[in-house]
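Below is one structure, written out as structure tokens; the observations come after it.
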Amino acid sequence: MSEELAQGPKESPPAPRAGSREVWKKGGRLLSVLLAVNVLLLACTLISGGAFNKVAVYDTDVFALLTTMMLLASLWILFYLLRTVRCPNAVPYRDAHAGPIWLRGGLVLFGICTLVMDVFKTGYYSSFFECQSAIKILHPLTQAVFVIVQTYFLWVSAKDCIHVHLDLTRCGLMFTLTTNLAIWMAAVVDESVHQTHSYDSSHSNTSHHRFAPDPERAGSSVGGDCPCHTAICQIFQQGYLYLYPFNIEYSLFASTMLYVMWKNVGRLLASSAHGHGHTPSRVSLFRETFFAGPILGLMLFVVGLAVFIIYEVQVSGEGGRTQQALVIYYSFNIICLGLMTLVSLSGSVIYRFDRRAMDHHKNPTRTLDVALLMGAALGQYAISYYSIVAVVVGAPRDLLGGLNLAHALLMIAQHTFQNVFIIESLHRGPPGVEPRDTTPKEPCRGLTFANLDALHTLPACPSTPRLVGPSPEGPQEAVAIILAPRGHWRRRCLKDISLFLLLCNVILWIMPAFGARPHFSNTVEVDFYGYSLWAAIVNICLPFGIFYRMHAVSSLLEVYVLS
């Protein structure tokens, strides 16, 4: 005993160094990113190369690659569900911010529409099976299986912070994410080919045809030499073309959720953060609002649907009707974008009077939301600036040129101020939590009590502020936080603003997603840049603008819940 005391306490075994763990984490992430980049570049090469003439890459090659990728991703997902999560302590933490219910609900909705699209696509290619490759029928069937497996996987595992098979899990998640991006690229190229083919069919200027993508490539809607003259074949063809926007959004929703899961692999969360979130237990639409935002948003939504129908009917008519359709389309968008800009500015002004604390905790979901909002807005910025240059330098002195210029300027302003409002909203703390002031203040009677247990014996009083637990400064002190009333006018205004912007973003998503292309119907940019350059700009940038609208909808729904 004396010898042990003389030698002092025994040293505990050295704990694993955080630095070495961080090095291995970065190494695993680097390996998975390199895998994803190489696979994505291969897919991008085949998809983009197969969309143009004089390239010996056809839609069957693209279908074969996508089918193989989806099969491999499905096998890995099944391995994750059947083997990984059944390991002891495989998922010690769950990120409460990842995979909110509205995001998973949107994924399920778009997944169902994608399954319907796969049914139409299978029926379309089965209509002339004798002259088509079998891979064209196998591809939609494989995609249906992949969508079902992946949707279930993301529904049950989106919040996982996995702690086993780290490198394998990172590579699997990145490969699945790359598969979704490849499906997205193929759908975007197919939609662009279809739009270009429709434009060429409605214009007699043959000089445009030599720049157009080949409608028989990259999974095109045209069946090559195979006829599609029956009514059922044409129904299948038009059906799956109109469902493409939902397939595109499904792929992007799944990609964002997979990225958050990839960031959460091996992540350590504090015990207090386990299950921590700001989402209230009950969420009721239109609750605690002034109803002005929802009503005005619904009115613009209905008017926007009518404008979209009028535009689609008249834009393919004679020149005078096309001019009228463009004037109606631009006028509605200018009014909608102007109101959205003013409302976003109003929300930012309200936050200047809001004393809620800023949330600076590490949150991969919020970081990704901000990055996607800023990155996706660049697509619409690019189109708008190209339009501004074409209108100003080309100097068209007519009504349509003025409306086009105003539309482009308001599009830039609306994206900017809406991003500012959403990003600031996502970084706010829970409603009513004010930043703690550490400066000494005069005691306020009725707000700070020495004995918190005595509060339970007091009669209930609606005007008594709710208190939080003892402060870290001392066990006998309590920090009182005055929570904002549930019906506070600032909260009501923020909810109205978020719902109004949400509905406006939905209608501004529907218009371009389902075929509204004023960029080609209005010949200002086509004449200024030439069809080939302008088509490339629109086909590359517009999908990002469409995704921005849907991602803004999900972010605004979160803003509404947290307000």
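Cβ atoms are placed via backbone N, Cα and C, with glycine included.
TrEMBL annotations: computationally assigned, not manually curated.
Annotated region 'Disordered' per TrEMBL: 1-21, in sequence order. Among the features that TrEMBL reports, transmembrane segment is placed at 30-50, 62-81, 101-117, 137-156, 250-270, 290-311, 327-351, 371-393, 497-516, 528-548.
The largest share of C-beta pairs under 8 angstroms with the transmembrane segment (290-311) comes from 497-516, of the ranges 62-81, 101-117, 497-516. Residues 25, 28-29, 32, 93, 95, 98-99, 103-104, 106-107, 110-111, 113-114, 147, 150-151, 154, 157-158, 160-163, 166, 169-170, 173-174, 176-177, 180-181, 183-184, 187, 364-365, 368, 372, 547, 550-551 of the same chain, all 6+ positions outside the transmembrane segment (250-270), place their C-beta atoms under 8 angstroms from a C-beta of that stretch.
Highest Cβ pair count under 8 Å relative to the transmembrane segment (62-81), across stretches 101-117, 137-156, 528-548: 137-156. With a threshold of 8 Å between CB atoms, the same-chain residues lying at least 6 positions outside the transmembrane segment (528-548) that come near it are 184, 188, 192, 195-196, 207-208, 211-212, 245, 248-249, 252, 372-373, 375-380, 382-383, 386, 389-390, 393-394, 415, 509, 512-513, 517, 519-520.
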